[in-house]
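Engineer: Structure provided below as structure tokens; questions to follow.
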């Protein structure tokens, strides 16, 4: 048998040489107690690996009275491990909180009962009661006022206000300093999407796109859509809007009149266009007809049709030379944008 190999595996898992004589025979192994970088990435294929396949424990802290810290087996909270799961005597505190007012140490797992709104443990629950983890972000406030689903959010440049739109047919303006609602605009139709570009805020409505300039207070209505406006994007000096009838309408800003003029109508999709993105001098559109169309931003002509999805294409994203898309068919497709202006798609299950 390969006793040396087995010994090395034991040492790797246990965090050090198994005996004092082993540490004398293997001084380098005792000094190089490092966590395997490839193991952290989930890619280590070395058997045995000279580095640890676990995280290093925190350094032991001396007690205030000068004595040595307790070993794990001596800690009162480890009785479950020392005496077995059927032990009923003593004060087993495994998985419990010490004291009635103590807060449990949280794991990184989300509490399913909290998600459903019926967790009875409150702050004593050992699972997360939050959608975020870490100390990088703190909740400042919760903006309340919309009566239905919030479908869009925009923060135009040069403005101190946040704009939100909802299916309750209102556009709300929030003061970023106070967190208070500074104004409510009743638009008379469900807001399907919102974007901002420079000082402009664009709001997608049924049969209409509203354009607000937060600096000049201009209030414009862009006519032409037939049905709900589901998606919008700006590219190559044009504002594109994906419409419920399957068309994509484009407007161009006219500085002389300080308004927007119709520039083009892109047709091809047979059902509503729900996602738009611009990248690599192209416009990509995802539709309820399960397809993605690739448009040349210069000629506004369709260059390619991607039919890899089997359900609605909910979102498209252009990153570097890749096109990513997700669909109600429960798949994510990754496409490689080729020099020949074609896109090859692969599936990520």
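Cβ atoms are placed via backbone N, Cα and C, with glycine included.
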Engineer: If you look at how TrEMBL annotates this chain, which of 34-59, 60-85 comes out as region 'Disordered'?
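Structural biologist: It is 60-85 that TrEMBL annotates as region 'Disordered'.
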Engineer: Which residues, given as numbers and ranges, are at least 6 beyond the ends of the repeat 'WD' (143-184) yet have a Cβ under 8 Å from it?
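Structural biologist: Contacts of the repeat 'WD' (143-184) (Cβ under 8 Å, skipping residues fewer than 6 from its ends): 190-204, 210, 212, 214-215.
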Engineer: Give me the DSSP three-state residue breakdown of the zinc finger (105-132), ordered helix, strand, coil.
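Structural biologist: Helix, strand, coil within the zinc finger (105-132): 7 helix, 2 strand, 19 coil.
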Engineer: I'd like the per-state residue tally for the repeat 'WD' (266-305) from DSSP, helix first, then strand, then coil.
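Structural biologist: So the counts come to 0 helix, 23 strand, 17 coil.
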